[in-house]
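Undergrad: Questions regarding the structure given below will be posed in turn.
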Amino acid sequence: MGAGAEAEAEKHGTENEKPSPNSITVTQFLSWKRQKDADESARKAEAARKRAEDIAAGTVQMNGRELFLHEPWVFDDTRL
(Lines of atoms letter the chains of each structure in order from A and count residues from 1; the text may use other names and numbers.)
(Lines give C-alpha, C1' and ligand atoms only; values in the text may rest on other atoms or scores of the structure.)
Protein backbone atom coordinates (compact mmCIF):
# COMPACT_ATOMS: atom_id res chain seq x y z
CA MET A 1 0.00 0.00 0.00
CA GLY A 2 2.88 2.39 0.72
CA ALA A 3 4.44 2.00 -2.71
CA GLY A 4 1.13 2.65 -4.46
CA ALA A 5 0.52 5.83 -2.44
CA GLU A 6 4.02 7.10 -3.22
CA ALA A 7 3.55 6.45 -6.93
CA GLU A 8 0.19 8.22 -6.86
CA ALA A 9 1.67 11.24 -5.03
CA GLU A 10 4.58 11.34 -7.45
CA LYS A 11 2.16 11.24 -10.38
CA HIS A 12 0.16 14.18 -8.99
CA GLY A 13 3.34 16.08 -8.11
CA THR A 14 4.55 16.07 -11.70
CA GLU A 15 1.15 17.22 -12.96
CA ASN A 16 1.23 20.27 -10.69
CA GLU A 17 4.70 21.25 -11.86
CA LYS A 18 3.72 21.48 -15.55
CA PRO A 19 2.98 25.06 -16.53
CA SER A 20 -0.48 25.72 -17.85
CA PRO A 21 -0.75 27.02 -21.41
CA ASN A 22 -1.80 30.46 -20.12
CA SER A 23 0.92 30.85 -17.49
CA ILE A 24 3.28 33.82 -17.60
CA THR A 25 6.65 34.48 -16.05
CA VAL A 26 7.29 37.00 -13.32
CA THR A 27 9.14 39.19 -15.82
CA GLN A 28 6.18 39.16 -18.20
CA PHE A 29 3.81 40.05 -15.37
CA LEU A 30 5.98 42.93 -14.17
CA SER A 31 6.27 44.25 -17.72
CA TRP A 32 2.48 44.07 -18.12
CA LYS A 33 1.95 45.74 -14.73
CA ARG A 34 4.32 48.62 -15.59
CA GLN A 35 2.52 49.15 -18.90
CA LYS A 36 -0.88 49.04 -17.21
CA ASP A 37 0.21 51.54 -14.55
CA ALA A 38 1.69 53.85 -17.21
CA ASP A 39 -1.54 53.73 -19.22
CA GLU A 40 -3.57 54.44 -16.09
CA SER A 41 -1.43 57.42 -15.06
CA ALA A 42 -1.53 58.81 -18.63
CA ARG A 43 -5.32 58.49 -18.66
CA LYS A 44 -5.60 60.26 -15.29
CA ALA A 45 -3.22 63.02 -16.38
CA GLU A 46 -5.24 63.59 -19.55
CA ALA A 47 -8.49 63.76 -17.55
CA ALA A 48 -6.93 66.25 -15.10
CA ARG A 49 -5.61 68.38 -17.97
CA LYS A 50 -9.02 68.43 -19.65
CA ARG A 51 -10.72 69.29 -16.34
CA ALA A 52 -8.27 72.19 -15.80
CA GLU A 53 -8.96 73.47 -19.33
CA ASP A 54 -12.72 73.25 -18.77
CA ILE A 55 -12.43 75.14 -15.47
CA ALA A 56 -10.30 77.84 -17.10
CA ALA A 57 -12.86 78.16 -19.91
CA GLY A 58 -15.70 78.32 -17.39
CA THR A 59 -17.59 75.42 -18.95
CA VAL A 60 -17.65 73.33 -15.79
CA GLN A 61 -18.34 74.23 -12.16
CA MET A 62 -15.47 73.93 -9.69
CA ASN A 63 -15.76 71.76 -6.61
CA GLY A 64 -14.80 73.13 -3.19
CA ARG A 65 -11.17 72.06 -3.31
CA GLU A 66 -10.65 73.52 -6.78
CA LEU A 67 -12.33 76.77 -5.74
CA PHE A 68 -10.10 77.00 -2.66
CA LEU A 69 -6.97 76.41 -4.75
CA HIS A 70 -7.89 78.85 -7.54
CA GLU A 71 -9.73 81.56 -5.61
CA PRO A 72 -8.65 81.41 -1.94
CA TRP A 73 -9.95 84.92 -1.18
CA VAL A 74 -13.49 83.50 -1.32
CA PHE A 75 -12.74 81.71 1.96
CA ASP A 76 -11.07 84.67 3.72
CA ASP A 77 -13.04 85.53 6.88
CA THR A 78 -10.68 88.26 8.13
CA ARG A 79 -12.52 91.08 6.26
CA LEU A 80 -15.73 90.61 8.24
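Residue numbers in this text run from 1 along the chain shown.
Glycine is no exception: its Cβ is also placed from the backbone N, Cα and C atoms.
Marked as region 'Disordered' by TrEMBL: 1-46. According to TrEMBL, the feature compositional bias 'Basic and acidic residues' maps to 8-18, 34-46. Look at TrEMBL and you will find 19-30 tagged as compositional bias 'Polar residues'. Positions annotated as domain 'ZC3H15/TMA46 family C-terminal' by TrEMBL: 23-77.
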Undergrad: What does the DSSP secondary structure composition of the compositional bias 'Polar residues' (19-30) look like, as residue counts for helix, strand and coil?
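TA: Reading the DSSP string over the compositional bias 'Polar residues' (19-30) gives 5 helix, 0 strand, 7 coil.
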Undergrad: Which whole number is the mean pLDDT over the domain 'ZC3H15/TMA46 family C-terminal' (23-77)?
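TA: A mean pLDDT of 92 is what the model gives the domain 'ZC3H15/TMA46 family C-terminal' (23-77).
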Undergrad: For the compositional bias 'Basic and acidic residues' (34-46), how many residues does DSSP put in helix, in strand and in coil?
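TA: For the compositional bias 'Basic and acidic residues' (34-46), the helix, strand and coil counts are 13 helix, 0 strand, 0 coil.
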